[in-house]
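S.K.: I'd like to ask some things about the structure below.
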Amino acid sequence: MQLPLIDRIRSFIQAEAVLVVAALAALLSACLFPPVPQNWSAYVEAIDWRTIGLLFCPMTVVAGFTRAGLLARVRSLLTRTEGTQRRLSLLLVALSFFTAMIVTNDVALISFAPLTLLLFQGSEPRSTIITLVAQTVAANLGSMMTPIGNPQNIYLYSAFELELGEFLTTIAPYGIIGLLASIAPCMLIPNTKATLGKAANSKVDTRLAFAYGALFLLALACVGRAVSWELCVLITLIGCLIFDRSVLKHLDYSLLITFACFFIFVGNIKHVQVITSTLQSIVVGREILVSALASQVISNVPAAIMLSGFSSNGVGLLVGTNIGGLGTPVASLASLITLRVYGRSRDAQTGRYLLWFTAINLALLVLFLGLASLLSL
């Protein structure tokens with residue numbers, strides 16, 4: 001009995017490493033730096049519930065779109081395309097870039113990384129690896145283009161009350177360069193005829209698709225502050241209970257709990273003046289560089305939450321944490337999705353994949369940090 005339990009605990013820690021770290025950070029900080037007066041309400045008040053609600057609503061919609069069969073339908077249509085390996089690679093990368101703007105980088109890669117392995121069956125490993133790496137870059141950079149594209153955008157857009165115009169004008173230059181940078185590696189793929197694997201045909205549940213389409217518009221209105229987050233969460237829950245209550249079993253609750261834990265951690269350490277003043281002296285005026293570098297170690301979502309407590313420059317943190325998604329495999333947890341999908345495939349060359357991933361991502365990280373320096377002049 002003991003071994004299976006240990007194995008389950010080990011598997012949970014491996015699968016939810018960020019959640020475990022966040023929970024330990026919250027617990028340790030609560031023990032070392034408890035709020036004064038010490039009571040449970042202080043921890044509840046430290047959590048940004050609006051951000052939790054804003055994460056919950058788009059997350060539910062995306063899960064609903066998946067259950068309605070929309071993404072599966074796109075996959076089945078792609079398998080019918082004809083052309084060269086390079087053209088197919090460009091199509092997959094562009095699809096990941098633009099899809100991530102709406103369904104987040106994680107969902108884009110969960111949906112289309114396995115499709116790449118299917119479509120590139122019979123192709124040389126180099127073409128598969130380059131396409132997967134380019135897809136990962138595309139999903140991370142594409143997701144930065146909208147306030148709902150990734151968790152850090154949702155949080156920072158809400159926490160700093162950014163205006164949509166300000167957001168778009170800030171991000172647009174990086175997005176344009178990002179699209180070009182994403183498709184550039186595809187030019188290394190041979191322009192030879194592709195031999196495609198086939199995906200099963202799938203049908204779209206139009207009833208669910210329309211229901212979640214309406215909830216998606218509601219979520220956009222909530223992010224744009226046209227609808228209160230409480231009302232959005234309530235309507236989303238009621239909609240799920242009426243149309244598709246099973247979807248509530250398929251949500252990424254660990255992400256919501258991770259956010260809550262980091263909010264508690266930041267709230268606890270902000271009470272310590274020495275820590276606060278030290279972190280402010282490091283972060284203030286260097287938001288882009290510090291958040292990008294911090295993302296390389298702790299990932300960009302935790303970096304956004306932690307550093308936001310020590311700077312009022314939300315735009316700088318927005319740029320830095322999105323740029324910081326490039327670099328190491330842990331810089332954006334979405335990158336680990338592709339690595340995991342490829343690593344489990346037949347004849348995977350994980351070492352070769354990591355070499356390509358590191359070379360392309362580090363080069364782009366330097367490029368975008370340079371671009372940020374030029375734009376800040």
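Each residue, glycine too, has its Cβ placed from N, Cα and C.
Where the annotation comes from TrEMBL, it is an automatic prediction and has not been curated.
Values in this document were obtained by computation on a predicted structure and should not be read as measured data.
Pulled these features from TrEMBL for this protein:
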type	residues	note
DOMAIN	22-307	domain 'Citrate transporter-like'
TRANSMEM	12-37	transmembrane segment
TRANSMEM	49-70	transmembrane segment
TRANSMEM	90-113	transmembrane segment
TRANSMEM	171-189	transmembrane segment
TRANSMEM	210-238	transmembrane segment
TRANSMEM	250-267	transmembrane segment
TRANSMEM	288-311	transmembrane segment
TRANSMEM	323-342	transmembrane segment
TRANSMEM	354-375	transmembrane segment
S.K.: Sort out the residues at least 6 away from either end of the transmembrane segment (49-70), same chain, that have Cβ-Cβ distances under 8 Å to it, and list them.
M.R.: 103-104, 107, 111, 148, 151, 154-155, 158-159, 202-206, 208-209, 211-212, 215-216, 218-219, 222-223, 229-230, 232-233, 236, 240, 244, 246-248, 250-252, 255-256, 259-260
S.K.: Among 90-113, 210-238, 250-267, 323-342, which stretch has the highest count of C-beta pairs below 8 Å with the transmembrane segment (354-375)?
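M.R.: Comparing 90-113, 210-238, 250-267, 323-342 against the transmembrane segment (354-375), the winner is 323-342.
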S.K.: Three or more CB pairs closer than 8 Å, sequence separation of 6 or more: does that hold for the transmembrane segment (288-311) against the transmembrane segment (210-238)?
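M.R.: Contact criterion not met.
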S.K.: Give the one range among 12-37, 171-189, 250-267 whose Cβ atoms make the most pairs under 8 Å with those of the transmembrane segment (90-113).
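M.R.: Stretch with the highest Cβ contact count: 171-189.
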S.K.: Taking 3+ C-beta pairs under 8 angstroms (sequence gap of 6 or more) as contact, is the transmembrane segment (250-267) in contact with the transmembrane segment (171-189)?
M.R.: no
S.K.: Could you give the residue numbers and ranges of same-chain residues that sit at least 6 residues beyond the transmembrane segment (323-342) on either side and whose C-beta is under 8 angstroms from one of its C-beta atoms?
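M.R.: Counting only partners 6 or more residues beyond its ends, the transmembrane segment (323-342) has Cβ contacts under 8 Å with 18, 104-106, 108-110, 113-114, 117, 128-129, 132-133, 135-137, 139-141, 143-144, 150, 174, 288, 291-301, 303, 348, 350, 353-354, 357-358, 361-362, 364-365, 368-369, 372.
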